[in-house]
Every structure is written in C-alpha cells, then in structure tokens.
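Visitor: Provided herewith is a single structure, encoded as structure tokens, for subsequent inquiry.
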C-alpha cells in the first residue's frame, strides 16, 4: 500500500466531537469527496488491495446505501467489474429480498433486487465506514439469500472500538483507516 496515498486520504478525514449526539466523535469524509486527487487515491488503494488479494476473481462490487454508493461505482470501474446496489427498504423497483438489522433505537431493513446476481457470483461489499457492523452483516445476509459468494467487505474507515469486524465472522474485512 502506498504510504503517501494513504496519508493523503487520512488528511481528508475530519473529526467532529459530539455529533450527531453527545459522546460521539463523527468521522466526516466530505473533504475527501471534494478533492479529486484524494478520492482517486482512496479508490486506487482499495482496488490495489482487492487486486492483490483476489487476483481478478471478483464479479461485482455491492455498494451500500447511501455512502457506499459514493465508492462502489468508482471501485467497480477501477476493477473492470459491475456494481450492484443494496438499498434501504422501499427504494428499489421490482421483486426484492430484504434483511433486517438493529439500530440504536429500533431496526432497519436493506433490500436487493432478486435478479441482481446469479448464484456463485463473487461479490465485494463496500461502504464508507464500518462501526457496529449491523449494515454490513445485513448486506452479507442478502447476498447469501441470492447464493452469491461474499469474498470480502471493505470500507474507507473502521471504528475499531465498536468491533464491527468481529460481527462479520469468517468474512474477510479490510479498511484503509482505523480509528478508536
């Protein structure tokens, strides 16, 4: 991994204490998205990791609603593969499959179109950030319902203190940046 590129990406992540609620340190990726050089570096770093780890044996990138959509298509293009969308409930037309996951105060659902993938296709899930792992686990469940193979989950940022990586079990996980 290119250390200068990684530092370029890291410098574009801002921290906001007590947002959205007291006691939370929010990691903001907006400056990264505003800077095309930094954004390109983040895509290049993620793609380089996936190329070296999976040697071209990826069929699709699955971008998670909503900020995974910012990275999914660019990452898919860099790898020369397609991109499928995993959306919040009620946002996709046609027949869908759904999976629930817990939120701090309730639950939410993700959906994927039933014809998004064929059984056995190899998929990498991408999101901007991994916190508790609930969204990523629900996405894995959806892809398992389609009998696709989740080869890895990736994100730009990982909040290690929330132990989301552990919830993924045996599924490999990679992040560019780790924060407590």
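Positions of Cβ are set from backbone N, Cα and C atoms, glycine also.
Below are the features listed in Swiss-Prot for this protein:
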type: MOD_RES; residues: 2; note: N-acetylserine
type: MOD_RES; residues: 15; note: phosphoserine
type: MOD_RES; residues: 30; note: phosphoserine
type: MOD_RES; residues: 60; note: phosphotyrosine
type: MOD_RES; residues: 66; note: phosphoserine
type: MOD_RES; residues: 114; note: N6-acetyllysine
type: MOD_RES; residues: 135; note: phosphothreonine
Visitor: Between the Cα atoms of residue 66 (phosphoserine) and the residue listed as 'phosphothreonine', find the distance and write it as a whole number of Å.
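Guide: Per the Cα atoms, residue 66 (phosphoserine) and the residue listed as 'phosphothreonine' stand 11 Å apart.
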Visitor: So of all those modified residues, 2, 15, 60, 114, 135, which one's Cα sits nearest to residue 30 (phosphoserine)?
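Guide: Nearest listed residue in space: 15.
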Visitor: Could you list the residues of the same chain, at least six apart in sequence, whose Cβ is under 8 A from the Cβ of residue 135 (phosphothreonine)?
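Guide: Residue 135 (phosphothreonine) has long-range Cβ partners 64, 101, 110, 127.
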